[in-house]
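As recorded in TrEMBL:
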type: REGION; residues: 1-26; note: region 'Disordered'
type: REGION; residues: 246-278; note: region 'Disordered'
type: REGION; residues: 347-485; note: region 'Disordered'
type: COMPBIAS; residues: 380-392; note: compositional bias 'Gly residues'
type: COMPBIAS; residues: 416-437; note: compositional bias 'Gly residues'
type: DOMAIN; residues: 567-683; note: domain 'Hint'
Amino acid sequence: MSSTYSKNNDGCGGGSTTTRDGIVTGTAGNDFMDTSYVDKDGDRPDSYDAILPGAAPNDDLIYAKDGNDTVIAGLGNDKVYAGNGNDYVDGGVGNDTIYGEAGNDTLWGREGQDLIYGGEGADLLKGGADNDTVDGGSGNDVIYGGDLGPICNDGADALDGGDGNDTIYAGTGNDTVSGGNGSDRIEGGDGDDLIDTAGGTTTSAISAASLTSGNVGLPDRGYPGLYPADSDPYNDRDTVFGGNGNDTIRTGDDNDSVAGGEGNDLIDGGVDDDTLNGQGGRDTIIGGEGNDLIDGGNEGDLIYGGYDSSVPDAVNIRDDAGDLRPDNGLDTIYGGEGNDTVFGMDDADQIFGGNGDDSLDGGIDNDLVDGGEGNDTVIGGQGNDTLFGGGAQDRLYGGDGADSVSGGEGDDSAEGGNGNDSLSGGGGQDTLAGGAGDDVMDGGTGDDRLTGDAGNDALTGGDGQDRLDGGAGNDTLTGGNGVDTMLGGDDRDTFYAGFGDSVDGGTGGDDFDTLDLTALIPPGGSVELANVTDDPDGDSISGIAIIRNSSGGEVGRVTFTEIEQCVPCFTPGSLIATPRGEVPVESLKVGDKVITRDNGIQEIRWVGQKDLSWANLVAMPHLKPVLIRQGSLGNGLPERDMLVSPNHRMLVASDRTQLYFDEHEVLVSAKHLVSGNAIHQVDRAGVSYIHFLFDDHQIVLADGAWTESFQPGDYSLKGIGNAQRSEILELFPELATEGGLQDYVAARRTLKRHEARLLVR
């Protein structure tokens, strides 16, 4: 449609006729097109002269063409094509459509719902007031959703940076922002914004083919057999600030930085190593593939460290045994303030719950998870995890793997799960369960309850009145300070009790329980068993172990049930003089050298041990050990209380031996020296007799007193058992004959019982 008007050109009343086409057209030069501009057809902006079909009077269609043009569109719903060149376009009032086309343009929609397309070049685009749609196109663009940048922008805008490294300020309103390809910087501003820098992909799962097609971008670390590494890991590094409001932010490829701002945000870091901060609000944060640093910020957040639904399942391995890339999900996550829920997912993560009642799950691999303050639930998952409960009342579960679990302060509940775990209750009244595996548990301070469950566990109660239950397996239970209750459960358990403790060895499995009281006995002290009864199983005893000092006074007691062996019972702990000093007899081995009275330093040829249970001692009471108290042999000897077998011979030297036997030194069996409280046979839950043999019978120094080495004889060889007797006969085959035994003569004369009585009257 066109119109015709007349114009006087010569000032003389003559006129010419011009036909307008309704399109305001610029020139190839630098045009300034406002209401005063008239094109060659007589068209101009905002002159109530729009003549195109459906157009209101001021709805202009403007083609600026080439050159660095300035266009002031003014009123109406205008459509402006800036053309080539570095143009400036002001849409003015109305719902305008502006095309920057080629060149570094400045395009401003102003009032109305505008559509702005930057085209090629580094453009500055402003949507202005109301709900605008802005597309930066190619080039490094700066886009504002409203008029005055990040401070006073209005409207629910749709902003797309397109290709290039763009800077986008969405402003106020519920905006939709797409960064497009390139390393973009985006600030959402106020309002509930949707921000996506992933190049236009959706959140649905995609195929490996779409990864390589460039829709998402390849992870910097390739995955064997699935896709190669990103050839350019720097071309899509985005920086996003969500601002106020409930924002949805997806960043996609490369190492991105996201701050959600205030509001309940959804943040998805996509692939590669991202830094994600939820800041205020209850945020949902997905780290995605890559080694991410995540901080939930204030309030209660939901955080996934390693899962990304936009990449193939092979990247999100659930079973570490099949993970061909164990270093593409090493996340560091801070829950921050509030009650957070955190899933570390794949690979070795570090998770810190911070303040609040958090639920933390390390997921796969060897994770470090710290609950921080608050009543936390901490789960290690698969792998060898390190878990800390922190303050308050925490619940910790190690899961699979050899985990280290520490409850910290508060009344905590901790379970090791599968694997050989280490559990520490810390402060408070804790409940620890080892689960499967050989676990080590320490209750710490407070009245704790420890259960070993299956496996060969080591339980220590620590301070407080603790209850320890070893469960199945060969367990070691140590009560620590306080009055503790210890139950061994099934199999062979060892108890280290304290004064006031109650010990129950249990009866199930391969049952042989040991109560070790060594640490409770003061120098020169002893253990007395009282109220001893045989248990129904016939091979264990129950009773009270009374610990006495060197003067015989009671210093404490331990109550026990179903114990097969009570230590110390006999010679383990006796000190033997050697060239390298005094050595516990149980530490001696074949080849060791020992100081002898007659022949200097001699080498041990054989070492043996005979263990007798309570049942053995009840059946053969003549084998009960003899306690020789400190100083009872004269001249302060022995230097400490010593326990020996009843047939073990001690060296006695005095005027009486010379007088009665014409010998200055003689050997006397311990059972023949029994006299009053100084030397007497004692009840024990079990004993261990340790022997060592030289090439000849020798006198050795034990606990400062001279005594004998093992002398093989017809009686002594029968008493040590077939296996040990065979060992000795293999070393000394001549001892198999009567003549050989007679040739292995005693180092001193041995007194008979009636002779020994002359010395002890």
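Heads up, the Cβ atoms here are built off N, Cα and C, so glycines get one too.
Note that TrEMBL annotation is computational and uncurated.
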Intrachain residues whose Cβ lies under 8 Å of the compositional bias 'Gly residues' (416-437), provided they are six or more past its termini: 380, 384, 389, 393, 397-410, 443-455, 457, 459, 462, 464, 471
Outside the compositional bias 'Gly residues' (380-392), six or more residues from its ends: residues with CB under 8 Å to it: 319-320, 344, 348, 353, 357, 361-374, 398-410, 412, 414, 417, 419, 426
Counts of helix, strand and coil residues, the region 'Disordered' (347-485), according to DSSP: 0 helix, 46 strand, 93 coil
Helix, strand and coil residues within the domain 'Hint' (567-683) as assigned by DSSP: 22 helix, 47 strand, 48 coil
Segment confidence, the domain 'Hint' (567-683), expressed as mean pLDDT: 87
Counts of helix, strand and coil residues, the region 'Disordered' (246-278), according to DSSP: 0 helix, 12 strand, 21 coil
